[in-house]
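Asks: Take a look at the following structure, please.
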Amino acid sequence: MNFTKSCTNKIPSRLKNRILYAIILIISIGLLTYQLIVLDYQFELTNVFNDKQKVQNNTSQFPKIQYDFPLNETAEEKSIREQRRESVKNGFLHAWRGYTKYAWGLDELSPVSNNGRNKFNGWGATIVDALDTLWIMDLKDEFNVSREFVSKLNFTNSNDGTNVFETIIRYLGGLLSAFELSDDHIFLEKAKELGGALLYAFNNDTGLPYNNVHLNPDLRVQRPPYGGGLLAEVGTLCLEFTKLSQLTGDNEFFFIANNITKVISNANKTIPGLYPIKIDQATGNFINDAVSFGANGDSFYEYLLKEFILVGDALDKYRRMYIESVESMYKYLIKESPINDRPELLFLGELSINGYFVGKMGHLSCFVPGLLALGSKFLNRPKDLETAKRLAETCYFLNRMTSTGIGGEEVWFKVVEEKNTTNNEIHKRLPDGIYRLSPGYSLLRPETIESLFILYRITGDKKYQDQGWDIWQSLEKWCKTPAGYSGLHDVNSIPPAKNDGMESFFLAETLKYLYLLFSPPDLISLDTYVFNTEAHPLLRMSENHDFFANFD
């Protein structure tokens with residue numbers, strides 16, 4: 001006799017029925033849960049895309065972000081501004097011509113050795129990243145040549161692994177922005193192709209993206225990332241994916257972005273609003289207590305506010321999450337300056353893996369003044385603007401305190417909680433109150449200039465133009481090469497050694513923000529556009545009159 005059948009026959013019929021009912025109940029609960037998730041997604045999607053009257057009512061009431069600039073600019077003011085803008089444009093053209101001569105079609109130029117290098121799939125990252133800068137600077141011949149290159153890209157033929165985060169912010173963001181600025185549908189077609197190829201990266205239980213995947217179907221091997229993912233890399237795509245859904249009518253991208261935000265929001269954390277920088281993609285749980293608004297965390301917080309600016313009250317959870325994060329930042333991370341002769345400054349620290357405060361402030365954190373300034377106007381939080389101004393002064397100071405006038409990657413402020421053991425003789429040129437400097441300016445970073453641009457557009461204070469000009473003059477003096485601009489090994493050394501690297505975001509961000517800083521304020525207005533973390537401007541909902549056409 002079959003053993004299983006024998007055992008089954010020994011189970012009383014009443015128990016059999018209970019087991020059957022339990023199985024049916026489990027299946028029913030599972031189906032109900034699935035339906036609730038789907039309905040929740042559909043409800044949010046409806047709020048964003050289909051309830052036109054509600055959204056139009058919301059967006060019509062959005063507060064004005066930009067300062068009311070006077071129309072009577074003097075001849076002298078205009079002359080100075082236009083000379084500065086022309087200088088930045090010439091700098092862009094210098095870098096662009098070096099790239100086209102020595103590295104065309106490769107990802108980046110090595111501006112000292114005059115070679116090209118591939119770091120981001122070999123799809124010409126500099127070309128795609130610079131598309132909107134070319135358009136904004138009215139370099140239409142260069143734009144059209146780049147368009148022909150982009151039209152031939154195949155996003156599934158790479159033999160290398162693809163960094164999902166970098167691909168989304170540089171390539172996908174660049175293509176979407178180029179489409180909205182030029183209305184050339186080849187860019188939207190390519191954005192949709194790239195978005196479709198990237199869907200494979202989210203194929204796991206939580207929906208949190210893997211760090212690197214092969215977009216070539218013949219090379220795909222699903223391997224969970226060692227050590228988990230970084231908050232900024234996992235959580236920075238809602239702007240691009242929401243915009244892609246809006247423009248194509250494919251709601252899958254919106255679902256993916258919305259799910260990621262929910263998973264991260266629901267994950268356990270020690271302090272409300274402060275999200276640790278390491279997360280396990282397999283479980284959706286944070287791995288330690290380290291928190292940073294700089295490296296590894298920055299753009300997650302940036303997108304909480306910017307997604308709300310893009311879409312409005314239909315996604316109110318982003319506003320709530322952003323405010324909670326900022327309030328905890330005030331409480332745990334922002335400290336008064338320990339620099340004796342600059343007590344008015346503030347600095348933004350971090351939490352270590354054990355949750356202890358560290359007085360380290362990275363250059364990447366210098367996007368925060370611009371973010372706080374945006375939030376102050378859009379969410380009516382005047383305190384945030386005052387904090388933004390003080391933090392921006394710190395970022396400018398950290399640039400000007402070095403021998404080159406260019407800020408290093410990181411500085412350490414003296415705080416009571418830390419044992420400052422660094423040899424002061426080594427860092428004797430540092431101001432009292434700062435005991436350590438990571439001296440590289442290795443990537444030609446844009447964050448300080450980004451905040452100066454936003455603060456100028458919000459306050460109208462021309463000192464931010466002057467400060468941006470000071471930094472640009474230092475970049476011209478120390479970073480320029482015969483072929484482009486290079487990062488530096490040591491900003492406190494004269495002359496500084498160059499590291500032979502020119503990131504694509506130097507053309508996409510650093511030079512674009514400088515150019516806009518000296519442009520008429522209606523060029524890419526903050527009341528019309530929101531910038532992704534790679535400085536690609538995307539039209540806000542209220543300004544895109546065909547916004548809902550694909551969802552009718």
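Our numbering is plain: 1 for the first residue shown, then up by one each step along the chain.
Cβ atoms are placed via backbone N, Cα and C, with glycine included.
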Asks: From the list C366, C479, which cysteine is recorded by TrEMBL as disulfide-linked to C395?
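Replies: Matching partner in the record: C366.
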Asks: Recorded positions E166, E447, T533: which have a Cα within 10 Å of D298 (active site)?
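Replies: Qualifying among E166, E447, T533: T533.
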Asks: Rank aside, I only need the closest one: which of the recorded positions E166, E409, E447, T533 has its C-alpha nearest to that of C395 (disulfide bond)?
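Replies: Checking each of E166, E409, E447, T533 against C395 (disulfide bond), the shortest Cα distance is to E447.
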Asks: Measuring Cα to Cα, tell me the gap between E409 (active site, proton donor) and C366 (disulfide bond) in whole angstrom.
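Replies: The separation of the Cα atoms works out to 11 Å.
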Asks: What is the total of other Cβ atoms whose distance to the Cβ of E409 (active site, proton donor) is within 10 Å?
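Replies: Total other Cβ atoms inside 10 Å, all chains included: 18.
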Asks: Report, as a single number, how many Cβ atoms besides its own are within 10 Å of the Cβ of C395 (disulfide bond).
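Replies: By my count, 28.
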Asks: Nearest to C366 (disulfide bond) by Cα, among E166, E447, T533 (recorded positions)?
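Replies: Closest recorded candidate to C366 (disulfide bond) by Cα: E447.
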